[in-house]
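Trainee: Quick one: the structure is below, and I'll ask about it shortly.
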């Protein structure tokens, strides 16, 4: 994509494809209703706004920086998800989820470190 394409184009496709997926899943499950509580509706809107904001920042980061450091920084999401799950929902992660998260973090870190090592060796 590079710097020649405006970042909102990617965010637009992210939102449109997400909407299409949601409509298909809701149609299959036959669950066409809004949450009954007002707080739940606000939380859904907050999820949408934060999701689009996060996607915008990710696209801008990929336009400014190489993919390796961005991907490495992106693995912080896994750690934060466990932290927020424990703090807000009082649910400790299982050993399976910790093992999967460890695989994700180690593989992404390994790829980033290898690229860094290769680039430093060339220069």
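In case you wondered, yes, glycine gets a Cβ from its N, Cα and C as well.
What TrEMBL shows for this protein is this:
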- 9-111: domain 'EamA' (DOMAIN)
- 12-30: transmembrane segment (TRANSMEM)
- 42-59: transmembrane segment (TRANSMEM)
- 71-89: transmembrane segment (TRANSMEM)
- 95-113: transmembrane segment (TRANSMEM)
Trainee: Tell me the residue counts in helix, strand and coil for the domain 'EamA' (9-111), as DSSP assigns them.
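Mentor: Summed by class, the stretch gives 87 helix, 0 strand, 16 coil.
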Trainee: How does the model score the domain 'EamA' (9-111) in terms of mean pLDDT?
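Mentor: Looking only at the domain 'EamA' (9-111), pLDDT averages out to 86.
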